[in-house]
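Down below is the structure, laid out as structure tokens.
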Amino acid sequence: MLYKETFILLIVLCAILIFWLRDAKKVSINLQTDNGKGYNYFRFNYLIIYFLVMAGDWLQGPYIYAIYKSYGFELSEIAILFVTGFLSSGIFGTIIGSAADKFGRKKFCLLFTLLYSSACFIILSSNFYILLIGRILGGISTSLLFSVFEAWMVSEHFSRGFSSSSLSNTFSKATFGNGLVAIFSGLFANWLVERHGISSPFLAAIGFFIMAAMVIILTWKENYGSDSKNTNTFQNLLQALNVIKNDSRVLAIGAVQSLYEASMYIFVFLWAPLLESQHDVSNESNLPFGMIFASFMVAIMIGSLLYGHLSGPMNISLPDIANGTFFIASISLILPLFIENEFSLFIFFTIFEVTCGLYFPLIGTLRAKAISEDIRATVGNLFRVPLNLIVAFILISDIPILEQCLLCSFLLFMAFIWSFWLPMESSSSKKSAKTVAKVAKIKKTLEKQRSD
């Protein structure tokens, strides 16, 4: 099939977008922020740590199932291990997020590196019950990874007086860089396994977490929820629940996050079997899963570039970006039900991955704008409870794989409906963005006149 050619085409498209969008994006960032070198250093420092922890996470991904299988576990036992991780994230994540707001985000970022390193070490055991403990630690670590790092960054961003308009740029760069990190990690993990065995990526992941912890200790200062030191963890949790209940904007953000990410995690489990079901059995070659995974990561990078352009120079509102993202995502996962062609499935799955690149900076920016500082990590983890329960239910059920795909499309369509209740930007921010777009256009015209 044309997997290699498509991967090359995606790389070329990504390079074209980087070159095409760089001038407008540079002008947009310079005009929207008066942050200077202080902001550039802050963003670089955060992204370095973010990429280190994500590298540790990505290194394990391709080989978690493989290492469990190498221990001789049945598919049902492996499913229990995965479900344990999701349930752990859903159950403990709420408490962990509230505690991070109260006792300090930096401490809990360091706790993440300790817990995830422990989980990586435990996975080297072939004892089923010890592995269950490792999955519990891994589930808690996942909740921390996707809440406290962002909460620390957003809090520090505003406390240093940086412009709110530059948050979208930070989130976009984080998503773009995460795609590069994923590709690097996949290649590195494959190299490690070939030379040092299947356990080596997990040991390497510990090294990345230790490096991240060292940089955090040396360069980060502590921050808290604004009122969190005066309340206990239970009060923080009640306050977060009350905000979600009474603020329709926050509820809409939570709904789209839970619905989209639940479908995304289910997609992680179903894309390979769906492609295999359409693979020509007469073809002696196996599906190039590494190439397919790399293509998906480049697609995410493309999505992040598109988001940066749509939210910046083009001045499209976040709810409008969300509308298009969720609608396209829903269509991309319902069409496979009607198409019995391996490569067509791959194309639609790649389109879904582009929406992932749009989604992550979008949801990060929305959370930063709408959720109160004192309960940011708490609310972020509360949003993860329903998505973990949905994914756990799917994993332990006997729902046929095509119906799982239909369910993902339905969840994404529900996210599309909820996206109409997402918060709009303030008129002042819109005005500023319009000014940026006009100046960028004028600068481009002047540069063209000079070249002529």
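Backbone N, Cα and C atoms are what each Cβ position is placed from, and that goes for glycine too.
Here's what TrEMBL has on this protein:
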- 6-23: transmembrane segment (TRANSMEM)
- 44-66: transmembrane segment (TRANSMEM)
- 78-96: transmembrane segment (TRANSMEM)
- 108-130: transmembrane segment (TRANSMEM)
- 175-193: transmembrane segment (TRANSMEM)
- 199-220: transmembrane segment (TRANSMEM)
- 250-275: transmembrane segment (TRANSMEM)
- 287-309: transmembrane segment (TRANSMEM)
- 321-339: transmembrane segment (TRANSMEM)
- 345-363: transmembrane segment (TRANSMEM)
- 375-395: transmembrane segment (TRANSMEM)
- 401-422: transmembrane segment (TRANSMEM)
The transmembrane segment (44-66) touching the transmembrane segment (199-220) per 3+ Cβ pairs under 8 Å rule: yes
Among 6-23, 44-66, 250-275, 345-363, 375-395, stretch most in contact with the transmembrane segment (175-193) (C-beta, under 8 angstroms): 44-66
Proximity verdict for the transmembrane segment (375-395) and the transmembrane segment (250-275), three or more C-beta pairs under 8 Å: yes
When counting Cβ pairs under 8 Å to the transmembrane segment (44-66), the leader among 6-23, 108-130, 321-339, 345-363, 401-422: 108-130
Top partner of the transmembrane segment (6-23) among 250-275, 287-309, 345-363 - counted as Cβ pairs under 8 Å: 287-309
Positions on the same chain near the transmembrane segment (250-275), where near means CB under 8 A and six or more residues out: 86, 243-244, 287, 289, 292, 322, 326, 329, 333, 336, 342, 345-346, 349, 352, 356, 359, 363, 366-367, 370-371, 379, 382-387, 390-391, 394-395, 401-402, 404-405, 407-409, 411-412, 414-415, 418-419, 421-423
Residues of the parent chain within Cβ reach of the transmembrane segment (78-96), under 8 Å, 6 or more residues beyond its termini: 65, 68-69, 108, 128, 131-132, 135-140, 142-144, 147, 233, 237, 265, 378, 381-382, 384-389, 391-392, 395-396
